[in-house]
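Pulled from Swiss-Prot:
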- CYS28-CYS41: disulfide bond (DISULFID)
- CYS53-CYS62: disulfide bond (DISULFID)
- CYS68-CYS79: disulfide bond (DISULFID)
- CYS133-CYS142: disulfide bond (DISULFID)
- CYS148-CYS159: disulfide bond (DISULFID)
- CYS153-CYS168: disulfide bond (DISULFID)
- CYS170-CYS179: disulfide bond (DISULFID)
- CYS186-CYS198: disulfide bond (DISULFID)
- CYS192-CYS207: disulfide bond (DISULFID)
- CYS209-CYS218: disulfide bond (DISULFID)
- CYS225-CYS236: disulfide bond (DISULFID)
- CYS230-CYS246: disulfide bond (DISULFID)
- 26-63: domain 'EGF-like 1' (DOMAIN)
- 64-102: domain 'EGF-like 2' (DOMAIN)
- 105-143: domain 'EGF-like 3' (DOMAIN)
- 144-180: domain 'EGF-like 4' (DOMAIN)
- 182-219: domain 'EGF-like 5' (DOMAIN)
- 221-258: domain 'EGF-like 6' (DOMAIN)
- 1-25: signal peptide (SIGNAL)
Amino acid sequence: MPALRPALLWALLALWLCWAAPAHALQCRDGYEPCVNKGMCVTYHSGTGYCKCPEGFLGEYCQHRDPCEKNRCQNGGTCVAQAMLGKATCRCASGFTGEDCQYSTPHPCFVSRPCLNGGTCHMLSRDTYECTCQVGFTGKECQWTDACLSHLCANGSTCTTVANQFSCKCLTGFTGQKCETDVNECDIPGHCQHGGTCLNLPGSYQCQCLQGFTGQYCDRLYVPCAHSPCVNGGTCRQTGDFTFECNCLPETVRNKRNRALGKRQASLEWKRTR
């Protein structure tokens, strides 16, 4: 069999592609609607079809929202939709660059890329910028390692970074580089008055008062009925320098007796049923 010439092979290949293409292309048929989002299937003379999409949709089957519907391109940039992918890019006007055309060409964010260690540069004005640093870095240009990550401040204190150094702001009652040391307030005399004893606590202290005195610093005389210790309308009566008794309302006494009687009867009933 004689060998086929290259030109004939190309012609046969092209003919095959023409016949085979409709089998793989979009088909508009009765009872079959390939287009979504109210797209309309339109048939070519060759028998193949395409989806005519309504405003706001694109893609082979109108399956994508138009990414240019909300144009994010700044400074006069033009939004260019990639229909098959449902994505968009910005074609920037002269003098601007960036994914959204947000940078002027000579802006530091674009020219010198000042934000280090993966930081993101944000343009504040034509000549100024601000860096948003990745976790673990700090500084105007994210040039410092965040020392607070490796130096934890203790006892609820707050860590701040200055350059590549850390500083702990301690809560009252603690001291030390990392606020790890409890301040013993009892080392300073005079906290507790009238012979009260100072008891050191973590981050604080407490005064244990002598009989006859009360208050945070044992600075007030103890009056038994001063703080109205009796509840449910009872009346406090001082019986001594440091003692008192409560005179309860009759209804309160009766309720207590009834509750006690009820508990006793319930106990007897329970014993009878055993």
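Each residue, glycine too, has its Cβ placed from N, Cα and C.
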Packing count at CYS230 (disulfide bond) (other Cβ atoms within 10 Å of its Cβ): 17
Those disulfide-bonded residues listed as CYS28, CYS68, CYS159, CYS179, CYS246, and which of them has the most Cβ atoms within 10 Å of its own Cβ: CYS179
DSSP residue counts for the domain 'EGF-like 3' (105-143), split into helix, strand and coil: 4 helix, 10 strand, 25 coil
Residue distribution over DSSP helix, strand and coil in the domain 'EGF-like 1' (26-63): 0 helix, 12 strand, 26 coil
Nonlocal neighbours by CB distance (under 8 Å) for CYS198 (disulfide bond), same chain, sequence gap 6 or more: GLU185, CYS186, HIS191, CYS192, TYR205, GLN206, CYS207, GLN208
Secondary structure composition of the domain 'EGF-like 5' (182-219) [DSSP: H/G/I, E/B, coil]: 3 helix, 13 strand, 22 coil
Shortest C-alpha distance to CYS179 (disulfide bond) - which of the disulfide-bonded residues CYS53, CYS62, CYS133, CYS148, CYS230: CYS148
Assigned conformation of CYS153 (disulfide bond) - DSSP reduced to three states: coil
Nearest-integer angstrom distance between the alpha carbons (Cα) of CYS170 (disulfide bond) and CYS41 (disulfide bond): 71
Model confidence over the domain 'EGF-like 6' (221-258) (mean pLDDT, whole number): 80
Residues near CYS168 (disulfide bond) in space but at least six apart in sequence (CB under 8 A): HIS151, CYS153, ALA154, SER157, THR158, CYS159, GLN177, LYS178, CYS179
Which of CYS186, CYS209, all disulfide-bonded residues, has a Cβ with the fewest other Cβ atoms inside 10 Å: CYS186
Residue among disulfide-bonded residues CYS142, CYS209, CYS225, CYS236, CYS246 with Cα closest to the Cα of CYS41 (disulfide bond): CYS142
Helix-strand-coil residue split for the domain 'EGF-like 2' (64-102), DSSP-based: 0 helix, 14 strand, 25 coil
